[in-house]
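For reference, the structure is listed below as structure tokens.
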Amino acid sequence: MIRGFEAPMAENPPPPPPPVIFCHDSPKRVLVSVIRTTPIKPTCGGGGEPEPPPPLIPTSPGFSDFMVYPWRWGENAHNVTLSPGAAGAAASAALPAAAAAEHSGLRGRGAPPPAASASAAASGGEDEEEASSPDSGHLKDGIRRGRPRADTVRDLINEGEHSSSRIRCNICNRVFPREKSLQAHKRTHTGERPYLCDYPDCGKAFVQSGQLKTHQRLHTGEKPFVCSENGCLSRFTHANRHCPKHPYARLKREEPTDTLSKHQAADNKAAAEWLARYWEMREQRTPTLKGKLVQKADQEQQDPLEYLQSDEEDDEKRGAQRRLQEQRERLHGALALIELANLTGAPLRQ
């Protein structure tokens, strides 16, 4: 009987171990094991022949790696082919919607977290309507603000090679609508971080002054952004956060009262002195800040990732004056050439 068992076992080797997928290009190295159903070993019947194995139950999803890993949805959502007549079209359509919600959530546009992406797709793309609406703050004076999408950077560089704009990066030929945006962009090539946090034992440096001011709220304990839902008291330090109770609600800026804003306790004497200087400077700047907030919408809420503080507007004015002076010099040079041509052509006409 033992020999009768050896033959069937040799003909039916044990199934291979489940495959292992390594994701090398993800932010963290992740090990994912795809589970498969292992059939029960066949038992010997009366005639010595093994019974046919039962059919395997497919438990591993037929998804490629860009569907398995959420942080790659935005990169490969265009590879998904939707079949309008298929029965699972509604289920497969939730994936690109999740990718769009994930991407917009990273941008800080008030989109819901990725867990709510399926319901966002069922609601008819509310996030896209909010992003394109006039009151979303994404467009101002006809000029698009903030950091462009990654897939449009190459087009912007190609456009800059043939553009007549003088606000151009001399390294990558990309053009910008404002001088201060160009200055901030050049620091991505040079690695310069001129704005240093002077809080005791901090020393972090930033590319833009607005990033420094946002960072210093961690030291001061300020939380100027509140949930716009009525009755919700949740406050946040940054404009690109989501209220856990109301993920679809936008955040609005509301300067906290003195009891809330100055509640942060100092760890030592140096920190206490720094906080005292900070609040003294804030009180001196408060009337100016209120006037600016009335005149225009808060730029940090328009684009938290690339917030440009208004104290850099002097650079833009100086750049405009320099360009105006260059245009005047070109005009004077052209007039001088015309006059010289007239003088040299006068003897020929005589």
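Placement of Cβ uses the backbone N, Cα and C atoms for every residue, glycine included.
According to Swiss-Prot, the region 'Disordered' annotation covers 104-151 (among others).
DSSP assignment over the zinc finger (167-189) gives 11 helix, 2 strand, 10 coil. Per Swiss-Prot, zinc finger is recorded for 167-189 (among others), and the stated evidence type is sequence analysis.
Look at Swiss-Prot and you will find 195-219 (among others) tagged as zinc finger, backed by sequence analysis.
Residues annotated as region 'Disordered' in Swiss-Prot: 290-327 (among others).
Look at Swiss-Prot and you will find 308-342 tagged as coiled coil. In the predicted model, residues of the coiled coil (308-342) average a pLDDT of 74.
Annotated phosphoserine per Swiss-Prot: S310, in sequence order, evidence recorded as a large-scale study or a structure entry.
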